[in-house]
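Trainee: This is the structure I have questions about; it appears just below.
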Amino acid sequence: MNSISSNKSNNSKPPRVSASKISKLNPKNLPIIELKSITKEYGDKTILNNINLSIKDEEFITILGPSGSGKTTILSLIGGFEYPNRGEIKFFGKDIKDLPPHKRPSSTIFQDYALFPHLSVEGNIKYGLKLKRVPLTDVKELQLKTFENKVNIWKKTADEKMLQLDKIQEDYRQKLQSSELTEKQRSKFQKWIDDSDFHYSYWENYVDLKKESYSNKYLSRKLTNKEMDDIVKEMLELVSLEGHAKSAIQNLSGGQKQRVALARSLAIEPNILLLDEPLSALDAKIRQQMQRLLSNIQKELKLTFIFVTHDQKEAIELSDRIIIVRDGKIEQFDTPKNIYDFPKNKWVANFIGYSNLFEAKYLEKNKVSFLGKTFDTVHTNFENNTIVDALIRPEDIIVSDKEGLIKGKVKEWVYKGSYYITEILVENVLFIVESTKFYDIDQDVYLSWELDSVHLMEKMEGVSDNAKDTEKI
C-alpha cells in the first residue's frame, strides 16, 4: 500500500504551529474573536447588555473598567467558563459559544495562577502537553481517502441540521412579531430562539469536532517524552526561568509562579491568551518586569492577548486597543491615545487619568464658552449654542505667575518626584495641573493652553465635573 512518509525519529522536533501561521488559514481576514449582541444575565440581573466587539488577530487588547462592570465576564465568555444567554461568540467567523473551554482556541491565566502544588515546574508545564497531539508522519493513502469521505458526510449532515434550525428560528421570529403575544409568550419564544441558537453553534463546529476526534484516533500521536522535554526547555527560556524545571511550586516567588502559569499556557500553542488580572498580586517592581515580558512575548509569538485589569496605566502602556466597560456596556473601544486624548464622553474622561471637566457652550464654528469667557476651539462638529462637556488634561495646561487666559489661586499641591500636581481654583471650578515649578498655597497664578487642548464631548448627565479623586491626587 502506498503511503506518505517523512522522518519519524523520536529525536526530531514536533511540528510547532504558531498562531500567526494558523491565522494565514483565514483567507477572508476575519476577526479572530467577535462578540455579536452578547447578553449575559444572572437571574434578574443583567451583567452584559447587548455587547458587540471585534478583535483582530495578533492584537494586544485590554478590558478595563471598575469592579462589577462586566470585564471578567467578557473574558469568561470568550474562554468558555460562562455561556451567554443570547448572542454569538465567533472565532474566525464561526460561532463557538457551545464549545467547552478545552475545545476553544484559547488558554487562560488566572489571578491566583491555578498551578498544581503537587507538581514541579516541569510537571505543570507538561500537564497540557500530555493531552496534545501532533500529526503522524506516515499515513496510508487509503486512510486519508476514508477521512476525506467522512468529512464530506459530516459536512452534509451539519448543513442539513443548520438549514432545519434556520427555518425553526425564522418561524419563531415571525411569531415574535405578533402584537397579540403576552409577555409570557414572548419570553417563551425568545427562549426557544436562544436555545436553538446554541444548537446551531454546535452544528457549526460539528465538522471540526468530528475531524479532531477522527484525527486523534487515526491520524495523530501523543508527544514523546523527549519532545515534551524540548518544549518545556523552550518555554522556560521564553519566560526566563532556565534551571527551574525541577523546582517545587511552593518554593517559587509570586513572579516566578506567574511565569510558570504563562509557560504552561503558551506550551499548548493557543491562538488567544486570556489573562484575568494576572499581575495584580505582584509588587510594583516585579509587576513592571512581567509587563515587559508579556509585551515582548506577545510581539515575538504574534499571539492575540486579551488582558483584564483595573490598572489604567498598565492598560495604556501594554495595549494596541482598550475596551472600556461600564455597567455591562462598552463605553469606548479604541487605541490608548484616542481614549486618552479623545474620550467619547465625560465618564471615560474621568475614568482615564486626571481630568479637568466642566460644562461649556459650543457657540459656533471654532468658538466655545466656559467659565464666563469665550475661547477658540478646533471643533466644528456641534450645532450652534449646544451645551457640551469640555475636557482639558492637566499636562496640557500652562501655569504662569504673570499672564494667561484665566486667573486662579493655588489651593493644594502634591510632589510627584519630577513634577507637582497642583490644584488651582478658578471661578469656583477646581483645576488639576501638572507643573515642574512649585507654587505656594494661595498664590495667584494664570492658566493657558494650546488651541487643540480643549476636547468637547456630547453632554452627559449623571457624572460630576472635576470630582476630586483621592487615589489620584
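From the backbone N, Cα and C atoms, a Cβ is placed for every residue, glycine too.
Annotated compositional bias 'Low complexity' per Swiss-Prot: 1-13, in sequence order. Per Swiss-Prot, domain 'ABC transporter' is recorded for 33-352. Positions annotated as ATP binding site by Swiss-Prot: Gly65, Pro66, Ser67, Gly68, Ser69, Gly70, Lys71, Thr72. Residues annotated as region 'Insert' in Swiss-Prot: 133-221.
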Trainee: DSSP three-state call for Thr72 (ATP binding site): helix, strand or coil?
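Mentor: DSSP call for Thr72 (ATP binding site): helix.
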Trainee: I'd like to know which of the binding-site residues Ser67, Ser69, Thr72 has the most other Cβ atoms within 10 Å of its Cβ.
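Mentor: The largest 10 Å Cβ neighbour count belongs to Ser69.
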Trainee: Note down the number of other Cβ atoms within 10 Å of the Cβ of Gly68 (ATP binding site), including every protein chain shown.
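Mentor: Looking across every protein chain shown, the total is 13.
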Trainee: Applying the rule Cβ within 8 Å of the centroid of the Cβ atoms of Gly65, Pro66, Ser67, Gly68, Ser69, Gly70, Lys71, Thr72, what extra residues of the same chain belong around the ATP site?
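Mentor: My list of surrounding residues reads His310, Val325, Arg326.
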Trainee: Tell me whether Gly65 (ATP binding site) sits in a helix, a strand or coil according to DSSP.
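Mentor: Once the DSSP labels are grouped into three classes, Gly65 (ATP binding site) ends up as coil.
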Trainee: I'd like the number of other C-beta atoms within 10 A of the C-beta of Pro66 (ATP binding site), please.
Mentor: 11
Trainee: If I take every residue in the region 'Insert' (133-221) and average their pLDDT values, what number comes out?
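Mentor: Mean per-residue confidence for the region 'Insert' (133-221): 93 out of 100.
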Trainee: Under 8 Å Cβ to Cβ from Lys71 (ATP binding site), same chain, six or more residues apart: give me those in sequence order, or none if nothing qualifies.
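Mentor: In sequence order, Ile63, Leu64, Gly65, Val308, Ile323, Val325 meet the Cβ cut-off.
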Trainee: Measure the Cβ-based neighbour count of Gly65 (ATP binding site), defined as the other Cβ atoms within 10 Å of its Cβ.
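Mentor: For Gly65 (ATP binding site), the count of other Cβ atoms within 10 Å is 25.
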Trainee: Tell me, how many other CB atoms lie within 10 A of the CB of Gly70 (ATP binding site), whichever protein chain they belong to?
Mentor: 23
Trainee: With DSSP as the yardstick, break the region 'Insert' (133-221) down into helix, strand and coil residue counts.
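Mentor: Residue counts for the region 'Insert' (133-221) by secondary structure: 73 helix, 7 strand, 9 coil.
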